[in-house]
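Worksheet: one structure, shown below.
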Amino acid sequence: MGCSKLIAGMFTMLLLAPAVLATDPDPLQDFCVADLDGMTVSVNGHPCKPMSEAGDDFLFSSKLAKAGNTSTPNGSAVTELDVAEWPGTNTLGVSMNRVDFAPGGTNPPHIHPRATEIGIVMKGELLVGILGSLDSGNKLYSRVVRAGETFLIPRGLMHFQFNVGKTEASMVVSFNSQNPGIVFVPLTLFGSNPPIPTPVLTKALRVEAGVVELLKSKFAGGS
């Protein structure tokens with residue numbers, strides 16, 4: 001009887017083995033250039049273009065060479081280089097951003113839900129702030145980071161950058177995800193679609209309804 005159970009168990013494992021080995025956490029080919037229009041296959045990312053159609057431009061990009069327009073409400077401009085902008089990063093788990101700042105400009109408090117971030121200040125000086133979780137007592141870790149210096153932001157922690165200098169500043173950051181995602185805290189709270197009910201925000205922020213409505217008006221239209 002025991003032998004029969006053993007054989008049955010081994011047979012079950014053999015049946016399950018193909019399913020277990022059907023996926024792999026690492027790339028299985030040199031390149032998988034994203035077919036951004038390919039919607040016939042549902043995957044965690046994008047299907048691959050045939051290499052015969054990929055060319056060789058997917059290995060190079062000049063998108064971050066040019067500064068962004070900092071004439072924005074935040075006084076900053078983010079130039080993204082994720083998989084949507086650089087399809088060659090598909091399945092490789094990497095992407096980059098460039099952020100330019102006018103004097104006094106800020107990259108407001110935000111979160112990258114799918115990536116750790118590492119950055120280098122290319123020009124100027126930036127106050128970089130990282131907010132710990134409740135486990136850390138909501139501690140603010142901050143430092144003025146100058147040209148040539150680097151910083152690290154663990155995945156999922158809220159953070160910001162602020163240009164404390166009198167001249168323009170810029171930084172380049174890298175992520176360990178082809179699509180790190182971003183949640184801008186002010187925009188999410190006050191510019192969501194549909195809006196978060198005002199009573200929820202008045203209770204959470206401990207302010208009057210008029211304050212919440214004023215803040216919502218500043219982010220109307222998701223800007």
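Backbone N, Cα and C atoms are what each Cβ position is placed from, and that goes for glycine too.
The signal peptide annotation in TrEMBL covers 1-22. The annotation disulfide bond is assigned in TrEMBL to C32-C48. According to TrEMBL, the domain 'Cupin type-1' annotation covers 62-213. Residues or ranges marked as oxalate binding site by TrEMBL: N97, N107, H112, E117. Per TrEMBL, the feature Mn(2+) binding site maps to H110, H112, E117, H159.
Everything TrEMBL records as a feature, shown here on the structure.
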residue: C32; record: disulfide bond; contacts (Cβ under 8 Å, 6+ apart): C48, N90, T91, L92
residue: N97; record: oxalate binding site; contacts (Cβ under 8 Å, 6+ apart): V78, T79, E80, L81, D82, V172, V173, F175
residue: N107; record: oxalate binding site; contacts (Cβ under 8 Å, 6+ apart): N74, S76, V78, V99, F101, F160, Q161, F162
residue: H110; record: Mn(2+) binding site; contacts (Cβ under 8 Å, 6+ apart): M158, H159, F160, I182, V183, F184, V185
residue: H112; record: oxalate binding site; contacts (Cβ under 8 Å, 6+ apart): I153, R155, G156, F175, S177, P180, G181, I182, V183
residue: E117; record: oxalate binding site; contacts (Cβ under 8 Å, 6+ apart): L152, I153, R155, H159, V173, S174, F175, P180
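When other Cβ atoms within 10 Å of the Cβ of C48 (disulfide bond) are tallied across all protein chains shown, the result is 19.
Report note: the oxalate site is defined by N97, N107, H112, E117, and the residues of the same chain whose CB lies within 8 Å of the CB centroid of those residues, excluding them, are V78, V99, H110, G119, I153, H159, V173, F175, P180, I182. Residues N97, N107, H112, E117, recorded as binding oxalate, reach a greatest CA to CA spacing of 14 Å. Across the domain 'Cupin type-1' (62-213), mean pLDDT in this model comes to 96. Take the mean position of the Cβ atoms of H110, H112, E117, H159, the recorded Mn(2+) site; other residues of that chain with a Cβ within 8 Å of it are I111, I153, L157, M158, P180, I182.
Counting Cβ atoms from all protein chains shown, H159 (Mn(2+) binding site) has 21 others lying within 10 Å of its own Cβ.
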